């Protein structure tokens, strides 16, 4: 048995922050941000919590799949930004969508999290433990951003994306995942090492800290590697892949990865111009958009690849 995606859903907050609005906070402008990132705007949560966004995306995915919430066996939520340490976000989603028969837990692999959760769901289905799994990627990145730091505040947005994975005979699902904790210091957030709340340098540890150049080099190296790994495992050629859905971190990263992979950029969907980097939510939001536009056809082979803090990177090759 293989888990097959039978429904997608997403949610982004109503508030939109254009690049020019950030010029009131830091030394930047629309042209500067677009040139370096490809981002034009982002959605930021005001009253929406992480669990609220996750539940809304879940409801939409279930509605599209035509599967009732009571049929869900397991809820997996990938997030780095829960509003509570416990109960976990998955349990809060379970309550909100009335999935009374479902178990649930959270995973944290930062921007790679949705892929780790999708692979975990697939393993449960292949083992015959669960039949229907709801997989959600959600993050409230605006809560982790230092709005005086130009290098990070321009990048991130908030949102949630979800897929319903259901047991199916046949199908295709190949996966790979890796971590490199030795290089974890190049991208950190909300450090446990913060000791002096009043010291300016230590106060920065409460927010996202990123060595942008190191992250760029890591991503453009590891993404093509994991794409090649997936293709080899599946024993298919890159020409057979309809789309490559990458984590929406930065347009330059996606363009560089496409070039190194030897695939035309037109097969790399992008929506980061509208949402920025939504961390674990970026791939499922993008997947939902392409699905709603009718751009995904039954039998299409897709590659999903994420990368982020950890350092971590993961990928899945699946059949729609």
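Using N, Cα and C of the backbone, Cβ positions are placed for all residues, glycine too.
Segment annotation: TrEMBL labels region 'ACP-binding' over residues 248-252 (candidates 238-242, 243-247, 248-252).
Residue 277 (active site): 23 other CB atoms within 10 A of its CB, across all protein chains. Other C-beta atoms found within 10 angstroms of the C-beta of residue 111 (active site) number 32, with every protein chain shown included. All chains included, 33 other C-beta atoms sit within 10 angstroms of the C-beta of residue 247 (active site). The secondary structure of residue 111 (active site), as reduced to three states from DSSP, is helical.
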